[in-house]
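Chemist: Straight from Swiss-Prot, here's the annotation block:
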BINDING   Gln159, Arg168, Gly192, Glu214, Glu243, Ser271  S-adenosyl-L-methionine binding site
CROSSLNK  Lys227  ubiquitin cross-link
DOMAIN    146-453  domain 'SAM-dependent MTase PRMT-type'
MOD_RES   Ala2  N-acetylalanine
MOD_RES   Ser216  phosphoserine
MOD_RES   Arg550  dimethylated arginine
REGION    27-138  region 'Interaction with C9orf72'
REGION    346-379  region 'Required for nuclear translocation'
REGION    499-608  region 'Transactivation domain'
Amino acid sequence: MAAAAAAVGPGAGGAGSAVPGGAGPCATVSVFPGARLLTIGDANGEIQRHAEQQALRLEVRAGPDSAGIALYSHEDVCVFKCSVSRETECSRVGKQSFIITLGCNSVLIQFATPNDFCSFYNILKTCRGHTLERSVFSERTEESSAVQYFQFYGYLSQQQNMMQDYVRTGTYQRAILQNHTDFKDKIVLDVGCGSGILSFFAAQAGARKIYAVEASTMAQHAEVLVKSNNLTDRIVVIPGKVEEVSLPEQVDIIISEPMGYMLFNERMLESYLHAKKYLKPSGNMFPTIGDVHLAPFTDEQLYMEQFTKANFWYQPSFHGVDLSALRGAAVDEYFRQPVVDTFDIRILMAKSVKYTVNFLEAKEGDLHRIEIPFKFHMLHSGLVHGLAFWFDVAFIGSIMTVWLSTAPTEPLTHWYQVRCLFQSPLFAKAGDTLSGTCLLIANKRQSYDISIVAQVDQTGSKSSNLLDLKNPFFRYTGTTPSPPPGSHYTSPSENMWNTGSTYNLSSGMAVAGMPTAYDLSSVIASGSSVGHNNLIPLANTGIVNHTHSRMGSIMSTGIVQGSSGAQGSGGGSTSAHYAVNSQFTMGGPAISMASPMSIPTNTMHYGS
């Protein structure tokens, strides 16, 4: 996702343009032609007015704590000059005017267009600071978290990581272009535009005007792309938080990519919902709804990995120091980490339950405390090691509905899937019910504290855990997930030799009694013989082949309290690999491009 909100640089809208200034190392000068000036006073108890007859050139010199305003005539004569800080009495008037009171007199400045005024007003708010009028974003976010967040999304490399998520970017473009009637000649707001890629898609669909709001320094790069693509007349980049900037008009549709891990991480969805103050009553939002899916899983290997890491602190003599007193705290810390990776669908022990958020109807406050009750009907017997999470979002347009899914049955995205472990696994039998609650409480670190309580209703055994979504464990290795133990119902060795053909060993490895050349490609392609009737009926049980479908055409997976909503397909292919390394400290949906990303050749087909 891209950052939705911290302000840098001058206004980019309307006719205003920015040039380097001289009031300090961070000062910039924005120029707005065609301004009008009216001076108002009440000396001697009588109202006095004086208006400049000619249009003036207004220059704003932006500094860290104040802004210098000057108006010049066509002869470059300065007719008015002042400095505006937090202590200055000033206010907006109507749609395109601003009034400043200095002593006994006030000056009213009218801008040539509403776009010019919005750019000027956004610059002024940034320069004056927001400590006197704290925005919704500032109230809910620690300053240190916001600084780190916007710095992270200000890197071109991070934007590249997200843009190269083929499923993400391609699905957004398809959803917008296939619903072109929702964009043709319409006014669009792009919340957290990042590089501006979604704004360009809206322009491709025929949008008349796109307001692209971006709070990180990426706004400057987005402006460069807008100019180089000759779209300055249609795309207006507005630096700042969507909670703090001003738009000159209401919009027909809002577009954004606000999803984080488990859908809600980074709390950008709240900025997305806040932007509805600019949405017309009949307006739409892309995405329109979001579904969070959760299901119980069994994974003894993952469970043992976490405990093994904590066993470092069990040493009675580490360089002569007894560490064992901290072993319990280490276990708690490791199990507080949600695990970000992907997995074989066959580790799931029941059909998923989903929790839906309708972005057109939801309020920001609805995301401060999210309670998801669940009741799973177990399809397999074994140990339940925790709950697995993923999400789908739908773009519900006038022509078609397009889905973007992060399900484990679908091509991998940079969101992966998320698993939350129990410290004490629960044993459940097929036919049992596992019930409980997953509670997400928003915190000021732009994330959530997760509380999970689950019990097997038939035995009364219960387990719970508290997790910190801000501090996940990135476990994905780039390899295809292994199937769970016990997934073979016929002999894999016999299947390998009973294919009925002769193999050539391309590796040239010499083994007594075997050919010197051996080609196992057909064996690998054929896969193991798995009895699908014995597996979880959750959509695809193997690695997905999407040669038959269009990207973005899948339906939402999972069930709502036992009602099936999955759509299956079969086949085999290789999914994209997103390598994860230690750079991921944000806890947001990001990938590392330290190694080249493998893009499958069969994931996008424009068929039926």
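Every residue, even glycine, has its Cβ placed from backbone N, Cα and C.
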Chemist: When neighbour density is defined as the number of other C-beta atoms within 10 angstroms of a residue's C-beta, which of the recorded positions Gln159, Ser216, Ser271 has the lowest density?
Modeler: Gln159
Chemist: Please determine which of the recorded positions listed here (Arg168, Lys227) has the lowest count of neighbouring CB atoms within 10 Å.
Modeler: Lys227
Chemist: Rounded to an integer, what is the Cα-Cα distance in Å between the residue listed as 'phosphoserine' and Gln159 (S-adenosyl-L-methionine binding site)?
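Modeler: Approximately 11 Å lies between the Cα of the residue listed as 'phosphoserine' and that of Gln159 (S-adenosyl-L-methionine binding site).
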Chemist: So for Glu214 (S-adenosyl-L-methionine binding site), how many other CB atoms are inside 10 Å of its CB?
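Modeler: By my count, 37.
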Chemist: What does the structure give for the C-alpha distance between Glu243 (S-adenosyl-L-methionine binding site) and Lys227 (ubiquitin cross-link)? Integer Å is fine.
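Modeler: One finds 26 Å between the Cα atoms of these residues.
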Chemist: By a 10 A CB contact count over all chains shown, which of the binding-site residues listed here is most packed: Gly192, Glu243?
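Modeler: Selected residue: Gly192.
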Chemist: What three-state class does DSSP give Glu243 (S-adenosyl-L-methionine binding site)?
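Modeler: Where Glu243 (S-adenosyl-L-methionine binding site) sits, the three-state DSSP reduction gives coil.
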Chemist: Averaged over the region 'Required for nuclear translocation' (346-379), what pLDDT does the prediction give?
Modeler: 98
Chemist: Summarise the region 'Interaction with C9orf72' (27-138) by DSSP state, stating how many residues are helix, strand and coil.
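Modeler: For that range the per-state counts are 21 helix, 55 strand, 36 coil.
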Chemist: Using the alpha carbons only, what distance in Å do you get between Arg168 (S-adenosyl-L-methionine binding site) and the residue listed as 'ubiquitin cross-link' once rounded?
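Modeler: Distance (Cα to Cα, whole Å): 25 Å.
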Chemist: Mind computing the max CA-CA distance among Gln159, Arg168, Gly192, Glu214, Glu243, Ser271, which the record assigns to S-adenosyl-L-methionine binding, rounded to whole Å?
Modeler: 25
Chemist: Between the Cα atoms of Ser271 (S-adenosyl-L-methionine binding site) and Lys227 (ubiquitin cross-link), find the distance and write it as a whole number of Å.
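Modeler: Each residue's Cα considered, Ser271 (S-adenosyl-L-methionine binding site) and Lys227 (ubiquitin cross-link) end up 27 Å apart.
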Chemist: To the nearest whole angstrom, state the Cα distance for the pair Gly192 (S-adenosyl-L-methionine binding site) and Lys227 (ubiquitin cross-link).
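Modeler: About 19 Å separates the two Cα atoms.
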Chemist: Counting each residue once, how many in the region 'Required for nuclear translocation' (346-379) are helix, strand and coil under DSSP?
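Modeler: Tallying H, G and I as helix, E and B as strand, the rest coil: 6 helix, 16 strand, 12 coil.
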Chemist: Cα-Cα separation of Gln159 (S-adenosyl-L-methionine binding site) and Lys227 (ubiquitin cross-link), in Å?
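Modeler: About 19 Å separates the two Cα atoms.
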